[in-house]
Amino acid sequence: MKGSQQTQPPQRHYGITSPISLAAPKETDCLLTQKLIETLKPFGVFEEEEELQRRILILGKLNNLVKEWIREISESKNLPQSVIENVGGKIFTFGSYRLGVHTKGADIDALCVAPRHVDRSDFFTSFYDKLKLQEEVKDLRAVEEAFVPVIKLCFDGIEIDILFARLALQTIPEDLDLRDDSLLKNLDIRCIRSLNGCRVTDEILHLVPNIDNFRLTLRAIKLWAKRHNIYSNILGFLGGVSWAMLVARTCQLYPNAIASTLVHKFFLVFSKWEWPNPVLLKQPEECNLNLPVWDPRVNPSDRYHLMPIITPAYPQQNSTYNVSVSTRMVMVEEFKQGLAITDEILLSKAEWSKLFEAPNFFQKYKHYIVLLASAPTEKQRLEWVGLVESKIRILVGSLEKNEFITLAHVNPQSFPAPKENPDKEEFRTMWVIGLVFKKTENSENLSVDLTYDIQSFTDTVYRQAINSKMFELDMKIAAMHVKRKQLHQLLPSHVLQKKKKHSTEGVKLTALNDSSLDLSMDSDNSMSVPSPTSAMKTSPLNSSGSSQGRNSPAPAVTAASVTSIQASEPAISPPPKPTVSRVVSSTRLVNPSPRPSGNAATKVPNPIVGVKRTSSPHKEESPKKTKTEEEQVDMETNAIQSETVPASTSLLASQKTSSTDLSDIPALPANPIPVIKNSIKLRLNR
């Protein structure tokens, strides 16, 4: 083992294994850490002291409001005066603010903890009303029906999400430690979920050897992940808590190291990690409270998680259940590149700025799928985009099961899309998915049919929108295949220009959408990309003059358009596969012949590699070719291949239901709708 124990009391042992190295930092490590801090500063990852004090003041005001409200509730419920005087109540924080790694303008995740005589209904009525009376409070909204119910507000310019938990205690003491498992006894499941964020954050902080080293390393890794487009829990990458746990595990393995060493060791450890072995910060404990915990020995579904990172607080959960074969492949490749760059930095062959250069996503792949979501008003667009984004990983999962696709990489940033009709009020958002096609032997021509994958995705989104009474008539999803050289017709020009230069140290990243440059949205679901300077923060998008007459295909076209793909060109270099490549997928046919009845992913036992969906291109090819050759699209002049005509729209039209009342609309059938209007078929020319 390198390094020797310092002449200090014996070190506390952190983590489930012994450390890899106890080496103390050298002078060069201290210099490199100082350089790292200087490199991070322009990206806005550190908050000014003044701003930090303002947050503390706001949280203090909120805490006093909670205490006051709980006293009022206690009086209205005729509790004894002695109880009322000590009833307590407290605001706890969690997430990036509690970890001490929040960035400028980031929101605060908070939890209101109340004693047993205060109900959740009180929180969403009398406390909500109390907040409404505060002049500093703006944009107040309650989301009572959410999986984790929340009140969202803006308090004196700072966005705050407040959850609620009612404990089985008569009073809430000031020194309450939420890590105490006995607090979970007899609690309602929503209270347990609400407490989970605080319990996990507090455990992480208790499980690292040095909090300051942990914080600086985590700031660097979070910035790197955002710059490299792999920070998004909802899209199948990792969210804030998962990145924090990976950094915490690195700190446990190198307890005396400082940030410059820890960043390098982070890449070393996780580029060589044998997934799906789980990352654990402590040995899971059983509390006999009968809550579901992550345990592959007991729960068969847990055996199919590809990149398990397990939360340290009971009930233990896998924070990365959204990770797919493609997203893991992308992340492992990024870990390897991070290792190569930090190796150079440690040898003084490169500067830290190289680690935070944004890679060239729009040059990386030769083929892309572009998803467009549009709605008639801005308010509806926000709801619609939220729903579509939460389902994109279903599409990625479906695409990566296609036997001709090696990788489907979704860029977590969304972009404002050019209007379809300049005269019509319409709000459009788009996402870009890079595709890598397999190189297959002994085949002249292959037809790849993505119609079913796209159709089942759009059906799922429409079905959920209708079921949740959210759907409005002009909410649409469109999908198209676009080659690299056509991206300029869709994307804002500054995005492509910047990408082509392969952003060097001084390149400024202009706004990708109006607010995307602030690191303000520091939540697991958002993907805001920090820029090295704040000078360019307010560059609004000019998306009007993007492409003339691009997408006005007649909605009634059902025949497939076919695109030629020169797959023999060496433009695509698929990233090397990670050593453990366990694919969990179903066996499904890709051609529009009758499908097997079971569309749900058939689980494959642990050691067996899943079977990709197959098709028989040779048998199906000739009739398909004659039918579609005359309709072949020249992709250079027409970037858009197909537009989804929402199945639900035709459903609505046929029922002559007004768009305002959707309560009596049945859910879409579970099987794909037979008339497929969104057809994407590609021909791979060898």
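Using N, Cα and C of the backbone, Cβ positions are placed for all residues, glycine too.
On a predicted model such as this, the values are computed, not experimentally measured, just so you know.
Features of the protein shown, as given by TrEMBL:
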type     : residues                                                                                    : note
BINDING  : PHE94, GLY95, SER96, THR103, ASP107, ILE108, ASP109, ASP161, LYS222, TYR231, GLY240, VAL241 : ATP binding site
BINDING  : ASP107, ASP109, ASP161                                                                      : Mg(2+) 2 binding site
BINDING  : ASP107, ASP109                                                                              : Mg(2+) 1 binding site
COMPBIAS : 517-528                                                                                     : compositional bias 'Low complexity'
COMPBIAS : 529-551                                                                                     : compositional bias 'Polar residues'
COMPBIAS : 579-590                                                                                     : compositional bias 'Low complexity'
COMPBIAS : 617-630                                                                                     : compositional bias 'Basic and acidic residues'
COMPBIAS : 638-662                                                                                     : compositional bias 'Polar residues'
DOMAIN   : 15-208                                                                                      : domain 'Poly(A) polymerase nucleotidyltransferase'
DOMAIN   : 213-357                                                                                     : domain 'Poly(A) polymerase central'
DOMAIN   : 360-428                                                                                     : domain 'Poly(A) polymerase RNA-binding'
Mind giving me a neighbour count for ASP107 (ATP binding site)? Other Cβ atoms within 10 Å of its Cβ, every protein chain shown.
-> 20
Summary of DSSP states over the domain 'Poly(A) polymerase RNA-binding' (360-428), given as helix, strand and coil counts = 27 helix, 20 strand, 22 coil
What is the separation, in Å, between the Cα atoms of PHE94 (ATP binding site) and ASP161 (Mg(2+) 2 binding site)?
-> 10
Look at the binding-site residues ASP109, ASP161 and tell me which residue has the greatest number of other C-beta atoms within 10 angstroms of its C-beta.
-> ASP109
CB within-chain contacts under 8 A for LYS222 (ATP binding site), separation at least 6 | VAL45, VAL101, TYR231, GLY240, TRP243
List the helix, strand and coil residue totals of the domain 'Poly(A) polymerase central' (213-357) as derived from DSSP.
-> 74 helix, 7 strand, 64 coil
Out of the binding-site residues listed (SER96, ASP107, ASP109), which are within 10 Å of ASP161 (Mg(2+) 2 binding site), Cα to Cα?
-> ASP107, ASP109
